[in-house]
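Novice: Pasting a structure here, questions to come.
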């Protein structure tokens, strides 16, 4: 959707405003920013209203969803195996196996080296968040709920359900600044508030298995019934010409060259380049040395061959 907006609508400050609308957590902040977008760019607001907010807005995200499949992983794998895709199928499969085995080993070693209870990236995020709670006031409501006041918007934290009214804790599964302040007020272990997704133990278990190489063919234990099966090549009509290797771009995608030209060069800049271009070299007739025509296009059949054409 962001690519379509960047392609079909061009305006100063539009990109940053759209990203702010997409990334805010609170519904109230979403409404404020969307009202600003509707005032400045009504056509874009109408375009966004066609799609459900749950599909592109973080503030309207319903929560844990694991049945959504995108093409991001396939595009990444296609890029990683770009050269190997042209190889024979056996060589391609062996390349995929060895690459995945190497990835698993590297990530397994990295997870074993981690001494923290959560992954390295989450630890970095939490170090930035620990600075914010010092200016917050925590007001206990009951054993598990707290009203945390900050300088902008308050947060209603529920330590038992791991949630906060700012929705940052609910969506990211990482304690927000309000939850950190409430946990410090109750002397609660901060690492107990993280989701299991970010814990180092689960990180290690993800890459605990090993990917082994395929043994040599002479070491295979194949049944005689399987050996008797003859597999022929499929009946396929090959089209004439060279087969295409580049994937077809989906709607809204365009090449880097076109993207760069559309974002960096406006119409005025193009006209300036045309104005700065050197003037075209004038051509003259090779017979008479006069500008404005050549010997082929000159149609004055009555001209004199001795005096040349008359110039008025």
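The chain as shown is numbered from 1 upward.
Cβ coordinates come from backbone N, Cα and C, glycine included.
Curation plays no part in TrEMBL annotations; they are all automatic predictions.
Annotations for this protein, taken from TrEMBL, read as follows:
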{"type": "COMPBIAS", "residues": "239-249", "note": "compositional bias 'Basic residues'"}
{"type": "COMPBIAS", "residues": "250-268", "note": "compositional bias 'Basic and acidic residues'"}
{"type": "COMPBIAS", "residues": "269-285", "note": "compositional bias 'Basic residues'"}
{"type": "COMPBIAS", "residues": "294-312", "note": "compositional bias 'Polar residues'"}
{"type": "DOMAIN", "residues": "146-187", "note": "domain 'SWIM-type'"}
{"type": "REGION", "residues": "234-312", "note": "region 'Disordered'"}
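Can you walk me through where each of these features ends up in the structure?
Specialist: Assigned with DSSP, the residues of the compositional bias 'Basic residues' (239-249) fall into helix, strand and coil as follows: 0 helix, 0 strand, 11 coil.
Under DSSP, residues within the domain 'SWIM-type' (146-187) fall into helix, strand and coil as 15 helix, 10 strand, 17 coil.
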Novice: Calculate the per-residue pLDDT averaged over the domain 'SWIM-type' (146-187) and state the result as an integer.
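Specialist: Its mean pLDDT is 91.
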